[in-house]
Amino acid sequence: MAENDCLFCKIVKGEEPAEKVLETEGFLVIKNKFPVSPVHVLVLDKKHREKKDTLSGQYPGFWDLLMDAVWKTVKHFKLDKTGYKLVNNGAGYNHFEHEHLHILGGSQEEPGGMT
């Protein structure tokens, strides 16, 4: 998918609406429009990089910056106390080629909470 056709690139550029949670050097964290848990956010790469390229090691330091954004998000929602899951979809489960992670969390007692 070309960068100018990419929904996540448009969100990063502010051309499409999204509920921003926080921003780091290389990533934008937004709330998922269709959450499957009490906390469900997307950690979007600010650059259009495809998953196959980030997994190949082509971008040194990429995963360090990504994990920094994840940890800041976990602390923001206090998920370090209640638990969370990181989801990195691939192949048939991946609807967007633009690199991103899902962070899911929430109380098991809440409807839709984590199990």
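Positions of Cβ are set from backbone N, Cα and C atoms, glycine also.
Note: TrEMBL annotation is automatic and uncurated.
Remember, it's a predicted structure, so these values are computed and weren't measured experimentally.
Annotated domain 'HIT' per TrEMBL: 7-115, in sequence order.
Long-range contacts of the motif 'Histidine triad motif' (98-102) within the same chain: residues 1, 6-9, 32, 40-45, 48-51, 53-54, 66, 70, 85-89, each at least 6 residues beyond the stretch ends and with a Cβ under 8 Å from a Cβ of the stretch. For 98-102, the entry in TrEMBL reads motif 'Histidine triad motif'.
Counting only same-chain residues six or more apart in sequence, the Cβ atoms lying under 8 angstroms from the Cβ of H102 (active site, tele-AMP-histidine intermediate) belong to N32, H40, V41, L42, V43, K85, L86, V87, N88, N89. The active site, tele-AMP-histidine intermediate annotation in TrEMBL covers H102.
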